[in-house]
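Trainee: One structure coming up, written as C-alpha cells, with questions to follow.
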C-alpha cells in the first residue's frame, strides 16, 4: 500500500513551519512513498527547499491595505486551483501542512477534491488556520497538549525531529542566543548589551535581516547568519537565550539544554507566553519578560552569575514525533 501512496507536503512559511516537515519527508521516502513538495521558493523556503516540486505565488493577508488583501485572496484562490490540478495529476493520497497562511491553497484544494489532509500544530495555542480547518482534517498532530480545545481529531505526537538532534553530546562552553530563521532584533540588541558586561563567550544566530548590522557592530560576538544545523551550535551551548516558539523550545527540551525564554509580546494570542510557561513548569526554562534591553540584560546577568540555569532540564526529554506521525498518516490514508 505504501508504494502506491503519494503525499504532498506544504512547505510554506517560516523555518518553524517548514523544518518539522523535513524529517517526515525523509521518513516517507525511506518507506517507498512518493513525496511532492510545494513552496513559494523565496526567503528561508529557498534555503531549506532549494528545488521544490511546485512553486506558488502568495503574499501575506494580515497587515495589508484593502486592495492588497483582495490581491492576497485572489492569489490564494489561483494557487488553490493550480494545486488542485497538480493533486489530480499526481493522484495525491494525502496533504500535510503546518498551519501557516500559505497552507490555505492546499487545504482548500484538498477539501474540493476530498483528499485527506493533516495539520501539524507546534504551539499550545493553535493558530487561526488550524482552528478554522481542524474539524475537517483527518488528524491534527500537536507537539504538546493544547491549552485551547479545538474540534476534530487531535493526536499528541511531539515534534518530528531531524537526525542531528539524536544522541547529541553537549560540552557546555558558551552562551547561545537563538534568533531563529527570521532573526529577532530585540535579542540581537540584547547580545550587544551582554557582550559589554560579561566575560562569557557568546554565539548569536542573528537571522538574515540583522546579520550585516550585528557583524559590523559587535566587538567579540560570534555572529551566525542562519544555520540549517542548529545541533552543531547546541552541542557547545551551556545556556540558550531565545524566544518561545513551539519548534525551538521543543528541540532545546529534547536536547536538555537550559533555556532562558523571552516570549515575543506581540505573538498572536500570546502563544509564546503559553509555550514558555509550559517549559517553566516542567523545570526546563526560566521566563523573562521583554522590556528595556538594559533591564532584561541585567536580569539575565544575575541568573548567569548565580548559575541558576544549571539545574534546568527536561527529565525525561520529550519524544521524537516522527515515527508516530508517519504511522498515523499511513494508517489514516489507507482507511479512505
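Glycine residues also receive a Cβ, built from the backbone N, Cα and C atoms like all the rest.
Automatic prediction, not curation, is the source of TrEMBL annotations.
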Trainee: Have a look at 6-24, 25-43 and point to the one annotated transmembrane segment in TrEMBL.
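Mentor: Of 6-24, 25-43, TrEMBL gives transmembrane segment for 6-24.
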Trainee: Choose the correct range: of 70-91, 92-113, 114-135, which one does TrEMBL annotate as transmembrane segment? Give that range.
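Mentor: It is 92-113 that TrEMBL describes as transmembrane segment.
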Trainee: Which residue counts does DSSP give the domain 'Glycosyltransferase family 28 N-terminal' (8-141) for helix, strand and coil?
Mentor: 64 helix, 23 strand, 47 coil
Trainee: Restricting attention to the domain 'Glycosyltransferase family 28 N-terminal' (8-141), give the mean pLDDT.
Mentor: 91
